[in-house]
Each structure stands twice: as structure tokens, then as C-alpha cells.
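Participant: Okay, so TrEMBL annotates it like this:
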TRANSMEM  A:39-57  transmembrane segment
TRANSMEM  A:64-84  transmembrane segment
TRANSMEM  A:90-112  transmembrane segment
TRANSMEM  A:124-143  transmembrane segment
TRANSMEM  A:163-186  transmembrane segment
TRANSMEM  A:218-236  transmembrane segment
TRANSMEM  A:248-265  transmembrane segment
TRANSMEM  A:272-292  transmembrane segment
TRANSMEM  A:298-314  transmembrane segment
Amino acid sequence: MRDRLTLSTLGPLAALFALILLGAGLNENFLSAANVTNVLARSAFIGMIAVGMTFVITSGGLDLSVGSMAAFVAGMMILAMNALQPSLGVGLPLALAGIGVAILVGLLAGLANGLLITRAGIEPFIVTLGTMGIFRSLVTWIADGGTLSLDFSMREFIGPIYYGGILGVSWPIIAFAVVVVIGEVVMRHTRFGRYCEAIGSNDKVARYSAVKVERIQLLTYVALGLLVGFATVLYVPRLGSASGSTGLLWELEAIAAVIIGGTALKGGFGRVWGTVVGVLILSLIGNILNLANLVSPYLNGAIQGVIIVLAVVLQRRKSSAEGR
Amino acid sequence: MKRRQLFGATAALAVMAGLAGVAVAQDKTHVIGVSIPSATHGFMGGLNWHAQDTIARLEATYPQLDFVLATAGEPTKQVADIEDMVATRNIDALVVLPFESEPLTGPVKAVKDAGKFVTVVDRGLSVPGIEDLYVAGDNEAFGRVAGEYFKANLPSGAKIVVLRGIPTTLDNERVDAFEKAIDGSGIEVLDKQHGDWNRDKAFTVMQDYLSKYPKIDAVWAADDDMAIGAMAAIEQAGRKDEMWIVGGAGMKEIIKRIMDGDPQLPVNVTYPPAQISTAIELTALKYVSAAPVTGRFIIGSTLVTPENAAQFYFPDSPF
């Protein structure tokens, strides 16, 4: 089941190119550097999370909590930075402290999910449905139902993490690209990636083949938590705030991107670059609908829904025709 | 960080209500139930804060009043809350901000039919005449006041963009009133998309507006969370000097910047979350004074300017 350039792998790519052509035809600013940067940078959060989600889903798991987790991590990061500001002052140490807190909280949140699933043996759907509610309520509670805002001077200081860049390429895009390359290499060229696919295909056989199933699964959730942490590090500098509505429905967008990209929802086969295509497709739909007044804005959600279903249907039909 | 009372207050409320129900009920104590949506976004967060704040103050002022506060994340839960209040807490009055009009109309009518005093806040019920007292913000004025400011401060031919809220009747009323107010001024509305009263969504929509339109003179963000998202996008595009923004609802950060005379944020239009305080206070008055409190109380939407901003500034509120 290795990837070859068949129709089924080309499906999502074709859809992406069709969208790009459509966008370019509808608005001349679509391909401008500013718009391309906007779309790629805003894809970076969900994109990084979706790469982690690809591994979780490939190994037969699921994580519904990532959106709430991102909100919670963002809340903790802001809270920690505001609390440390009097002692550390505005500057690099405080920024690093905030980044450290975000990554640590993400890691621990992922670990909690992973341990509940692998050690306590509870269904991933149930565990992460539970933690989804827990993380979201915690951030609403911490924020007193309002919005947690980073101190203004500190926001100015860390703003460049989102808005800055090198050679005209902004940091979120670079970080996203690095995560994708690492993800693709791990999935295709390491034992870990192969174990994920083996467990997702048939965990019993994997276990009989001396694969440490629980440990691999735990690692996928920890890695996903870590990536949520990284994504939050990029997210917080953008607006410098977190609230109960931060990261709403990110989990579904990430899962949709993974599935559009050709990873099997029931596990056993993962495609990291496909996930990237999926994320870009979802971002572009929103972008194009904003740029061109094609339909009533009430119908934006419907258009996205149609394209998600269509992308998967095309893929499945082609792949079954090839006997996969 | 005041993460105050949440546990404390609810626990204390529960205990007090429990005690009150048994011991003091015969002692001319009046119980007022307050049912509101939970704090899912900035405005509701502010509303929750003001509700708790008002209840704490009224309970301290009037020992003969007891309050039961319940917050609900969806209409079904709110219906259950209200039924519980009537069945187990024996409330004398109900202050309710309906999550949605339709599903709450029946249950609130049942409370009224049981002889309780009913105060409805912000969103009306679908059948008129159930409530004794109606307290609400003025959505029509919210759009109109903003529109009048645009009309007075922009030349004919000026180009503006609009960020709308979550598609609802309320949002339609505001946008219709806004468009009516700028009618005939020659101001061109380039686009109006939904930002869902959400910072991230507004940021994205504003980024796309900026890619799409080379010239924008002003933005009606119609909500302060959206105004903050839009401002970040404008700053990123380096077009801060090109346009000003009018938000709405009176978030403390925005009011502060208006007080400080920020040229990017000339004015704001109020839609106060503290309207829940008005409703609770008026309902309480019925039991502690002879003042008549039935009828309709519509809270005006006022234009906040640098001159009067100080009176709309609540630094302790989360909103």
C-alpha cells in the first residue's frame, strides 16, 4: 500500500489545483504574496495539529480534544507570562518562559489523553470527548467567562513570532513546513511510522509481532499534544488573547484535513503530505468565499461540507477501482 | 487575576438556598430565580459577571431576598433549570434571559401561569404578553447610532466594510438599521461577511477584505471582539492610517482606548451586558419597595466618545 502516483493520490492534489485556478480566476489579488502568506500562515495552526492527528488516526486512534486543548494551552501560556512579567520583565527570557509553558502544558495534556486511552483502556473517542469538555471549561473558568489578554507590551514583543519571518517567508509557514517534513520522514522512513500503520491495520497482529502497541499509541497522543503546544506558541502572538471560543471546532477541521488527504479514518494508512493538501483545501475554500461573493455568506459552511464529502467520495471511488 | 467566587459563590448560593428553602421560607423571604446562558463568549462573560455581582450586592443589602442563579449552555438545560427552580426552590420571581425564544416560551409561560412574577431580558419570547417586565438593549438603535456616526463623518463616495455577527434575527436588525441610517449618504458598503462575534474569524475575514479592496475608509465591526481581530489584521497589512473602526458593546479594553483618544477607534456604541443588573434590580424592587416595576424597560444604545467614555469603563468586569 505504498504511495504511488495513482489517481487516488492525485485526487486531493487535483482538487487543490482546481481551487487555486478558481481563486486566481475570481480575484486578481488571490495569488498576491500577501494573500498567499495570509492563507499559509493561518493554515499553520491547524496544519501542525493535523500532522499530529495523522499519526493518531493512522494508528487507529482519534483525538477530539485538540481544539479545546489549544485554547487551554493558550490560556495557560498567557496566564504564566502575565504572572512572570513583573519578575522577568518584557524580553526574551519571558518569551522563552511562555513558550516553555505552552509546550509543557501541551505535552502533559497529550500525555493525560494517551495514558487514559492506553493504560486505563478507555475508547479514544470517549476519553477525548471528555477532555474536550474539560479543557474548554477550564479555559472559560480561568478567563472568568471573558478573554485572557497578554499584557500589551509583551504582545508587541512576541508579535513577530506570528507576523515576522525570514526572507519574506513568515515564521508560522516555516514552522509548518519543518513539522511537515519531519512528519513525512517519520511516517515513511522510520520504524515508528510503520508501527503506527501496523497497529492501525490490525493491533492484534502488531502485538503478536512484538510491537509495543500501547507505547506507540501513547507516543502518538504525546506527539499530538506537543504539536498543539507548538501551534499555540504561534497562535498566541497573533492576537495575544485566549477565550472560551479559541480553537472552536479545530479538532473537526484537523480530522477533516487528515481524511481529505487520504489517511484512512479507521487507521492503517497515513499520508502526511496528503494532510497538508487537506488543510490547504479547507483554508482556500474560506479564503475564496471571502474574496469572491459567490454565494450568500450563510452558505459558506454548506460549500465546505460539500467539498469535504466530494473530495473523499472521489478518492474512495478511484481507490476501489484500483482494488485497494 | 480574579478567578473569584465561581466555586465559592455557587457553593454559597447552593447552601444558602438549601437552608433558605427549609428554615426561612415561612419568614416572608422572597426567592428570585435568575436563569441566563453560560459564559461562552465575551459579552455573555460580562453578563455573567454582572449577574453575580448584582446578586451578591442585593443579598447583602436585603436579607429578606434570596437568589438562585443558574447558567445554561443550551436551551434544553435552561428549561430544566427553570423547572427545577419552580419545583424545588419555590421561587417567587424569575429573571430569565432566554437562550432562544421559541423553546423557552412554553416553560416560561408555565412559570407565569403558576403565579410567579416573570422578568424577561434581552431576547423576547415568541408569544407577547407573558412577562410582567421586559428589559432589553436596543438592537435597532445599536445599528442606527453607528450608522449615523458613519454618515456624519464620512464624505459621499467613501468605502466601508462591515463585519456581521452570528446569523441571527438580532444581527439582521442591527445591520438593517445601520444600512437604513447610512442610506442616501453616498457611502458605499463594499462587503458584509459574518465574523461570528469572534476575534479569530474577524481577523481572517478582515485579512481577506484587505487583500480584496485596495481602498477602505472605515470598518463597522459591530462588536468589540471583532474590532480587536480586525485591528490586528489592519496592523499586519500596514494600513492603520487608512481607516478607522467602530466596534460595539463597550468592551473595557476598547473603552480604555477611546478614553485615551486612539485615532483608530474614534467611538463605540453600547449594548451593555449590565442590562442583567437592571433586570435583577428592578425585580428585587418589587419585593422591597412599593415602586411599580411592570412594563418595558429599553436600555438605549449610546454613542461612547472620548468625552463620556469614563462612565462606561468597568475595569473589574471580564468584558
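Glycine is no exception: its Cβ is also placed from the backbone N, Cα and C atoms.
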Participant: Could you name the stretch, out of A:64-84, A:90-112, A:163-186, A:272-292, with the greatest number of CB pairs under 8 A to the transmembrane segment (A:124-143)?
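Facilitator: The stretch with the most contacts is A:64-84.
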Participant: Take a look at A:39-57, A:64-84, A:90-112, A:298-314 and tell me which one has the most Cβ pairs under 8 Å to the transmembrane segment (A:272-292).
Facilitator: A:39-57
Participant: Apart from its near flanks, which chain residues at least 6 from the ends of the transmembrane segment (A:39-57) lie with a Cβ under 8 angstroms of it?
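Facilitator: Residues packing against the transmembrane segment (A:39-57) from afar: 63, 66, 70, 124, 162, 170, 172-173, 175-176, 179-180, 183, 186-187, 193, 196, 200, 220-221, 223-228, 230-232, 234-235, 250, 253-255, 257-259, 261, 263-265, 267, 270-272, 275-276, 278-280, 282-284, 287.
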Participant: Counting Cβ pairs closer than 8 Å, which of A:64-84, A:90-112, A:163-186, A:298-314 has the most of them with the transmembrane segment (A:218-236)?
Facilitator: A:90-112
Participant: Counting only pairs 6 or more apart in sequence, are there at least 3 Cβ pairs under 8 Å between the transmembrane segment (A:248-265) and the transmembrane segment (A:298-314)?
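Facilitator: Result for the transmembrane segment (A:248-265) with the transmembrane segment (A:298-314) is yes.
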Participant: Cβ under 8 Å to the transmembrane segment (A:90-112), counting only same-chain residues 6 or more beyond its ends: which ones?
Facilitator: 65, 69, 72-74, 76-78, 80-81, 84, 131, 135, 151, 153-154, 157-158, 161, 218, 221-230, 232-233, 236
